[in-house]
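One structure is given below, encoded as structure tokens.
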Amino acid sequence: MDNEEENHYVSRLRDVYSSCDTTGTGFLDQEELTQLCTKLGLEEQLPALLHILLGDDRLARVNFEEFKEGFVAVLSSGSGVEPSDEEGSSSESATSCAVPPKYMSGSKWYGRRSLPELGDSATATKYGSEQQAKGSVKPPLRRSASLESVESLKSDEDAESAKEPQNELFEAQGQLRSWGCEVFGTLRKSCSPSFSTPENLVQGIWHELGIGSSGHLNEQELAVVCRSIGLHSLEKQELEELFSKLDQDGDGRVSLAEFQLGLFGHEPPSLPASSSLIKPNRLWSHYQEESGCHTTTTSSLVSVCSGLRLFSSVDDGSGFAFPEQVISAWAQEGIQNGREILQSLDFSVDEKVNLLELTWALDNELLTVDGVIQQAALACYRQELSYHQGQVDQLVQERDKARQDLEKAEKRNLDFVREMDDCHSALEQLTEKKIKHLEQEYRGRLSLLRSEVEMERELFWEQARRQRAVLEQDVGRLQAEETSLREKLTLALKENSRLQKEIIEVVEKLSDSEKLVLRLQSDLQFVLKDKLEPQSMELLAQEEQFTAILNDYELKCRDLQDRNDELQAELEGLRLRLPRSRQSPAGTPGTHRRRIPGRGPADNLFVGESTPVSLETEIMVEQMKEHYQELRMQLETKVNYYEKEIEVMKRNFEKDKKEMEQAFQLEVSVLEGQKADLEALYAKSQEVILGLKEQLQDAAQSPEPAPAGLAHCCAQALCTLAQRLEVEMHLRHQDQLLQIRQEAEEELNQKLSWLEAQHAACCESLSLQHQCEKDQLLQTHLQRVKDLAAQLDLEKGRREEREQEVLAHCRRQQLKLQAVMSEEQARICRSFTLEKEKLEQTYREQVEGLVQEADVLRALLKNGTTVVSDQQERTPSSMSLGPDSRQQPTARQAVSPDGRTGAPAEWPGPEKAEGRDFPGQLCSIDAMPSPTPTLLSRRSSENLGVRDNHQRPLNAEEGAIPKEPEPSARTLTGQGQKLPLPVHPQMLEPSLGTTALDRKAASVGVQGQASEGPVGDGEGVQEAWLQFRGEATRMRPSLPCSELPNPQEATVMPAMSESEMKDVKIKLLQLEDVVRALEKADSRESYRAELQRLSEENLVLKSDLGKIQLELETSESKNEVQRQEIEVLKRDKEQACCDLEELSTQTQKYKDEMSQLNCRVLQLEGEPSGLHTQKEENHGAIQVLMKKLEEAGCREEQQGDQIQNLKIELERVNEECQYLRLSQAELTESLEESRSQLYSVQLRLEAAQSQHGRIVQRLQEQMSQLVPGARVAELQHLLNVKEEEARRLSAQQEEYRQQLKAREDQVEDAEARLRNVEWLLQEKVEELRKQFEKNTRSDLLLKELYVENAHLMKAVQLTEEKQRGAEKKNCVLEEKVRALNKLISKMAPASLSV
């Protein structure tokens, strides 16, 4: 072990030793030694160690060196076990002869030694050869009392010893033995002179740890053993290396023999025995064994120099030295044979020498051997003593130098303290002046700031009230608008429901009228068949009337058609003006026209189209109302919160003000009471003094005239007695005066001394207290100024950061909203452009289709005009053929009721022939409207039902007239003319193909054939033509562009029109015959009455038609009203949007105002910084303080903590004020005590004066008889002396009173300063509270802005969701409308064909 490690373990042992030294003297008694051994883990060695150190004297004390020697001796005796060899031979410990000690001191013996017996020389020689053999391989480990044992004992307390590599733990010099001593020594059950072998020790360890029962250890059990012996920090790799090193046979287990060989393979069994001397360890073992009987001795030099160790000059701290160093040390002293001396002392010249063992060996040699060795030992001791003497001298010099340095340092410190005191006093005076100046400046500025803040607060509240009134007006207006909109919506809903009911009723009336018309037609046909004769020529006279009626109806129809076209155009314009969500999703404007005649689901869909509009508007209005309600609630909550806060602040301010006023009033009242008491006491004392003065004057003046009179009266008679009494009285008076004077002087001196001491103590305490309070107030004020400046800087920085964050957040929100709005606008624009393009495309296609249809219709019209002109030319000729035709009873072609022609047959009579001829005529008349599709583009689907109602009564009239047999008809048929009625549908079908126009024409022809009623006049023809035109107009919007006639069909159309014109001519001829027949039948009144009735019914039906038209007009007007209401709702919506924009502008305005307020707050906060800069320019000392404040301002402290600190400081100042008040109360009490004492003194003085007065009076009475004038003069002199003493006492009393008044003035000044400081602190606290409230308000405003932004975002999301829902609904409605259009297009032909 090197020097550093040894010094380290010695220092650690000394630290443990010092920790047990409770007295601090450097000596330990028995209890402290027991505690030290417990800390070192030496419970088993404790009795032996106590016996070695203390002996029988349990009250003795030992120092560190003695403990170290005994400690090493105990450990070396515990480790001095001789292992046995293989043959079982062991060396026996020699017994020593007891030598009596040379000196005994108590329980300690000095000069004792042991002489062990010599062992077997052969055994010793063999043992020495073994040691030399093993020493050639490894250096031997010595069982000496070195500091290795200290290292082993401290290994459990220090973790560093466990961090060494494993090989060093087992191979380092001295390490294994000390480790084995520690482990095996502490685990033994008892401490006895006879020890076990290493095998038994290892087995004992395994048994205590509960491992190795099978005689082998695995890796985990080896780790447990290593931890138990102090190797706690072995890593896994090191443990594996140790296990592989111990496992020599490689079976994966460590046996007991392998473990023992690995642990003790490097340990020498023992050291060789010398023929002349025994090793020191054996000496110490014998000493351990013989310590109980007190028969052993030690060296006298060693005992005198306790803890002495030789060769300290060559000791590096480890307790070992090289033999060369020892030999050279001896050579320096003149001893040349040092190597032989070492060998003779059984020390090897090739290894390090244990200096302690060498010391003991030399000590033993000094006692036993004379000669050169003794000289060498003495030289060593002399060298050691000289070395230590040099060290002591060096230490003394260092101590003296340190003492001089300390004195110099103390002088410098005193000088520095004086300078610092002067500097501090100057600084205090300067800071007091500056603080007063600053207080005045701050008071003025604080008053100005307070007035400005009050004005700003009033302005803020005025603005808030105005804004609140404006917002309340806006809310009221919005509520009124909301109620009006809601009322309008309810009215619109009611109107829609009423219109739906009216339309349903009209549809029911139409169905009833249709049924009535059919019934009337059947009745009329029956009547005409039965009663109308062909000879009644009266009907022919009514031809002109019927033509006029037809013309009137045609004009009315045209007017209605024009009116319907105009209404249709207006409806189309309205649809274009409506938003896309309210428009019809169909591609053509005729989608809704096909819904009214259907009367079913289409009718309900058309009527309820305005319901989504009203619901959407109502939802929007509800949302607006909720938003305004929320805004109003938020505004009310804000106003209420601010009002409550202001009220609380006012109440707190009033409360604090009242408390302060009450406190000040109490203090003033207490001071006034004290002042009144002092004044009363002063008045009383003055009165007492005046009374005393008067008494003294009276006593001095009254006896003057008496002595003369008495002297003259009694001089002669009582001269002898007067002299004797005078002497006695004089003596007695002198004694009494002396006694009274002494007592009064003693009392006065005591009182005065006590009062002076008390006064001095009070003055000193007050001055100290005043100085402390002044220093504290100055420090608190400066600290407060620093804190306020730092707080202002922090608040300014935080406010700037907060404003930047808010502005950045607002910018981000604004950018997001702008992006969302731009996206929304772009999307709306795209959808609008797409919709516009679609509508333009559809309208373009419709216009193209209409143009093509108009061309076709123009061609048809041209052909129709030619046919009509030919018909007009043929009319006279046909009329001329009438008589001839009536006379020809030829066969006719029969027409079946289903429209098919049959073969000519013989008719049984003229009546039947005529009856069969009229259905054919009716069929030919019904087929006539086919060539008149010129007005298809003008018809609208809304007037279809009206035209049907108008058309069916006319058809009834037409069908009722030609049922009477007519001669003209028979004449026509008799000429062999065959009616080509069934040819028209067959011609129309190939010409038009699968178009809807062919289907309508065919359905009209079939309907005319099924009726089997002959047409009687031209009015029926016109009505039939109108019916077909209405059907064609109704079917025109459903015709797609692909169904327009192509060029091939255009070539077929002229041929078809020519044939149809021929048929029309034939029908006209037949109608003329019918008219003549009706004119001839005019003679029959019954038939006329029937015709009159039919005409009246026709008029009634016309009036019904007019009513229906009026109802339609009213419905159109109602629709117009609804459209206006919708426009009003639009305007309201725009107004609401404008209101939202106004609210947003108001919020922006509020934000601007808040930023202005923040700027104003920053400006107000910047003013103190400006003041600080001004103070920096004016005052140099305050500039240093401000720099410190700016440096301290970098620290971040919360405002609430600062306010709390200020409150705590205010409480502390209040406590100090209370303490001052208590001190003042104590002073007043002491003053009262002094006054009471003074009063008692005055009373005693008055008693003495009264007694003195009585004595004087007696003396005067006696002197009136005996005392002469000289005696009176002496008494007067005594009275003057007393008066001087009384005046002196009054002067002292006046001085005391003045001092008391000065103290009271000082107390009042201190209280005034404290009030000023409290006022300043309260103002600072109020300012900080206001600033905190402003910060909270700004935070609340920011939070409200965030909430408003969130609401706006939610509103935008809701509108987007609603728009998506509306688009989805529009898509669904478009699909439904397409499906309904398809369904109607399929159902319409079937319904018309029925």
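Note that Cβ sites are derived from N, Cα and C of the backbone, with glycine treated the same way.
The structure displayed is predicted, hence computed values, not measured ones.
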Original post:
Which one of Ser149, Ser447, Ser991 gets the tag phosphoserine in Swiss-Prot?
Top reply: Ser149
**OP:** Using Swiss-Prot as the reference, determine which range in 29-37, 263-271, 632-640, 731-739 is annotated motif 'D-box'.
**Re:** 632-640
Original post:
Tell me, how many other CB atoms lie within 10 A of the CB of Asp247 (Ca(2+) binding site), whichever protein chain they belong to?
Top reply: 21
**OP:** Identify which of the binding-site residues Asp249, Asp251, Glu258 has its Cβ surrounded by the largest number of other Cβ atoms within 10 Å, counting every protein chain shown.
**Re:** Glu258
Original post:
Setting Asp247, Asp249, Asp251, Arg253, Glu258 aside, what same-chain residues sit with their Cβ within 8 Å of the center of the Cβ atoms that define the Ca(2+) site, listed in sequence order?
Top reply: His216, Leu246, Gln248, Gly250, Gly252, Val254, Ser255
**OP:** Go ahead and report the DSSP secondary structure tallies for the domain 'EF-hand 1' (8-43): helix first, then strand, then coil.
**Re:** 24 helix, 1 strand, 11 coil
Subject >> Where Glu258 (Ca(2+) binding site) sits in the secondary structure, as DSSP reduces it to three classes >> reply: helix
Original post:
Of the residues in the domain 'EF-hand 3' (197-232), how many are helix, strand and coil by DSSP?
Top reply: 22 helix, 2 strand, 12 coil
Original post:
For Arg253 (Ca(2+) binding site), what is the tally of other C-beta atoms lying within 10 angstroms of its C-beta?
Top reply: 18
